[in-house]
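Engineer: Below is one structure. I have some questions about it.
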Amino acid sequence: MAGISLHKLRKSFGALTVVHDVDLEIADKEFIILVGPSGCGKSTTLRMIAGLEEITSGELIIGDTIVNDVPSKDRDIAMVFQNYALYPHMTVYKNMAFGLKLRRAPRDLIDRKVHETAEILDIKHLLNRRPKALSGGQRQRVALGRAMVRSPAVFLLDEPLSNLDAKLRSTMRSELTKLHRRLDATFIYVTHDQVEAMTMADRIVVMKDGHIQQVDTPQALYDRPTNMFVAGFIGAPQMNFLPVTISKQNGVPVAEFDGNSLPLPTRLIDRVGVDYAGRDCVLGLRPENFHERPPIDVDPALTVPVEVDVELAEPMGAEVHLNAALRSRSIVARVSPRCQARAGDRLTLTADLSSAHLFDRETERAIGA
Amino acid sequence: MSVIADTPTRPLPARAPISRRWRKVLNALTAYSFIAPNFIGFAVFTLGPIVFAFALAFMHWDGSNPIRFAGLDNFWKLFSDRVFHAAFWNTIIYTGFVVPLTLICSLALAVLLNQKIFGRNFFRTVAFFPYVASLVAVAVVWNMMFHPEFGPVNMVLYTLGVDPSDLPGWAADRHWAMATVIMFSVWKNMGYFMVIYLAGLQGISSELYEAADIDGASGGQKFRFVTLPQLAPTTFFVSVMLIIQSFKVFDQIFMITQGGPGTSTLVLVYHIYNEAFISWDLGYSSMVALVLFLLVLVITIVQFRWTQDRDEDTA
Ligand SMILES: Nc1ncnc2c1ncn2[C@@H]1O[C@H](COP(=O)(O)OP(=O)(O)OP(=O)(O)O)[C@@H](O)[C@H]1O
Ligand SMILES: [Mg+2]
């Protein structure tokens, strides 16, 4: 059993606090991913769990022991570093065997473990090479292998794919998912790439400036972001934000955008209630909420035609990303490749407001979530 | 570079077309003309004397009378010269102790002073100071410290209960003189090699230590499995420098024991000096110098080979 609890975990470097009282419960065998922009404290959090960084205050519990003062080697964890940190003077075999050797495991056990792991990761033919004679992808596998041979309860991975090219990265993504299932261990994975987070995680932890913004499953994060930061961070191209004012029309709250009234879905109407009448808000619409023709499966009352000036059409193959101006606001719409719009064209899109998000402009928190 | 060269520029009409071949020769000449001043200096002041010394090894010359050809006379003399034998073995013993001791001490100092300890810059300076301080001043202090009768070192030993008749005579005692010289050399030079080791230590990625931490290595194991192997190139450089330097030692011995008592600290270079400028047998002294040169050459070549082999079978 290796559930992990972070209770008010804090890290300060001198007067600078980079991780602020983080609370997080990680279940046994969960694949959890920490995402956030550069410098938000993901690595620091991971390194505290690893025991590489002293915990300033708060409690870290692995299994059911407080491990604040337990050295790394006794925490039953393994770590994969961003730059792999393979021992350059040791062969791949020795790199992988090192941890077991230090634990005085019998030779034949070490040998068996290393070969088994090498088999899984398809690096058997590399066992006698030194790290400098390996490609980036191979090094990455060796680093994973080094973590795997000890069969730890928890794997900590700090941007392990960031040095790989796009194609290899997507292969490794699916391999890591399979590996997680196979190894039956807890994975804590740090990345700033939201695609990695969305595709691999059981749950995602979104961080910003040392604070946790939201913890949830990938789909829930996408569908119900709790604030504008999460809404903008998860999803690519990112969510479009339109400044609106809430007003009442025939007793029903609507969002006023640049002189136009936009209808709101019941979900939001209920939440807006009376408090928000006349208040400034931000309406969030994902790129796929703009359509070239009115969608058939959506209540027509919740759609509005919007006129946009196309500034740039980015063909992605399966879809086209239209960067366009909507009344001087830049938006991105995701449309089908059949759309022949070019830069400079004026186009009428249909905005589907049924899955719109509404945020308080001051606090940036979601209103309808 | 190539970007600049490839940029089409206006042709220079004033200059006559130079053939490609000429351009090459001109380029080479330009390069040589820059090397020349340095090389001429080297040839006149270093290369010339070396060649002359090699030739002199097969001559008789006392510095004032004409040079006479000696054939292998000087070479045969090596075998009968007991002082040469003593000097030869003294040099080997001196090197055999100074090299490992300096390596260990400078590495230990470097590791200690690479720690985040209070006042480490101060201690680094202290450790480096003997190397930059004037040899004469340092040796005078050292001789005072280790004076057999009035030196504080022996006083401390005495208060610790060492019998006065057992107190070492240090530089004045033929059994202790070599040890004294070795200690002095180690102490004088370790600061310099410490700095080199510090640079080496700073070049080791901290991630390797973190990986070792997670792999479960203790402090000692990290030193053995990460620090030492990562420092191998530094250690190689330091040991080559130390061996060459130890074979060539003269000034430190001159300042502490003048080769004595008897021949107990007489080393090869000291012998060369004595033969050349005390006995004025320049031919024979050149022969001893030749032996020293060959000794250093062989050891250095062996060392290079050895590390090359090692690199290859671990690569
Ligand atoms: N040793 C340190 N001393 C002072 N500040 C530090 C130290 N280590 C990290 N920081 C600061 O802590 C903050 C968080 O760093 P951290 O490495 O956790 O970011 P990150 O989220 O992993 O970013 P990235 O995606 O760029 O790796 C940064 O602002 C960084 O400057
Ligand atoms: Mg990081």
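Using the three backbone atoms N, Cα and C, a Cβ is placed for every residue, glycine included.
Sharing the feature lines straight out of TrEMBL:
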- B:29-59: transmembrane segment (TRANSMEM)
- B:88-303: domain 'ABC transmembrane type-1' (DOMAIN)
- B:92-113: transmembrane segment (TRANSMEM)
- B:125-145: transmembrane segment (TRANSMEM)
- B:176-199: transmembrane segment (TRANSMEM)
- B:231-247: transmembrane segment (TRANSMEM)
- B:253-273: transmembrane segment (TRANSMEM)
- B:285-306: transmembrane segment (TRANSMEM)
Engineer: With pairs restricted to those 6 or more apart in sequence, evaluate whether the transmembrane segment (B:29-59) and the transmembrane segment (B:285-306) have 3+ C-beta pairs under 8 Å.
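Structural biologist: Contact between the transmembrane segment (B:285-306) and the transmembrane segment (B:29-59): present, because at least 3 Cβ pairs are under 8 Å.
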Engineer: Among the recorded stretches B:125-145, B:176-199, B:231-247, B:285-306, which has the greatest number of Cβ pairs closer than 8 Å to the transmembrane segment (B:92-113)?
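Structural biologist: Comparing B:125-145, B:176-199, B:231-247, B:285-306 against the transmembrane segment (B:92-113), the winner is B:176-199.
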Engineer: Determine which recorded stretch among B:176-199, B:231-247, B:253-273 has the most C-beta pairs below 8 angstroms with the transmembrane segment (B:285-306).
Structural biologist: B:231-247
